[in-house]
């Protein structure tokens, strides 16, 4: 009996210790959180957290997905393209950009040969412009074709040389250089307009365009530059001699170039010109050629002293 009571007492003490240890473990820190108690509410929060990134996307996605927005964007792009085409069409009407590309289609060989003809036109024989399927070839393939590269660069170089000449005479000022540039440009425009008016009054049927006349009128800047540079380097006598040579050269160049454009085929071949209309064309050609030396002297004489 004593053994049984002692044994039962030992079992009671052992059970008490196990209960105390389990209670202490529940109060202390646990290795893992118990998530078994989380109900449906917690799972709903987790699902909402996964759905939020999709719902909180970029604001433009909802805009792009709207059919009305896509229609408005397409209509706006079509209006922009139509406006651009209209601007290009009107711009090409007043400023023929496609034609201007032809006049700047030059290379180094063409520029060198053209400058040689402008200074020494007496040895050049063939003055006819080459055509390919009724279209004149580009200037880089035909030295007789007019271009705008040499007149443009000649005008800019003339302004720079004029500024240098004024600086050597202690007369340089930005205002005076601006007056020099504007006066040269105004005289050039007046010359082209006078030629156009003369062609209209004489009723000449020619393929000369306004850009062609602008190119031919701008070739005189080459001789003007040579004259001013010679005057700055060697004095006034060198200016007059070089300018006289360049004036004669540009006169011959204009006569031989414009006679193929303004005179009849018989006059272009060197035959006797007959008829009042052909006489007027010949006088007009001579007048245009004779006006070049006048402008060359008028725009350069005050730069050399």
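Every residue, even glycine, has its Cβ placed from backbone N, Cα and C.
Automatic, uncurated: that is what TrEMBL annotation is.
Here's what TrEMBL has on this protein:
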- 1-38: compositional bias 'Polar residues' (COMPBIAS)
- 1-46: region 'Disordered' (REGION)
- 148-167: transmembrane segment (TRANSMEM)
- 179-201: transmembrane segment (TRANSMEM)
- 213-233: transmembrane segment (TRANSMEM)
- 239-259: transmembrane segment (TRANSMEM)
- 280-299: transmembrane segment (TRANSMEM)
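Residues 100, 103-104, 106, 111, 114-115, 118, 139, 173, 176-177, 180-181, 184-185, 188, 211, 214-215, 217-219, 221-222, 224-225, 228-229, 231-232, 299, 303-304 of the same chain sit 6 or more residues outside the transmembrane segment (148-167) yet have a Cβ under 8 Å from a Cβ within it. Remote same-chain partners of the transmembrane segment (239-259), defined as residues 6 or more beyond its termini with a Cβ less than 8 Å from a stretch Cβ, comprise 117-122, 124, 127, 144, 216, 219-220, 222-224, 226-228, 230-231, 267-268, 285-286, 288-290, 292-293, 296-297, 300, 304. A Cβ distance under 8 Å defines the sequence-distant neighbours of the transmembrane segment (179-201), meaning residues of its chain 6+ beyond its ends; these are 155, 158-159, 162-163, 166, 208, 210, 213-214, 217-218, 262, 284, 287-288, 291, 295, 298-299.
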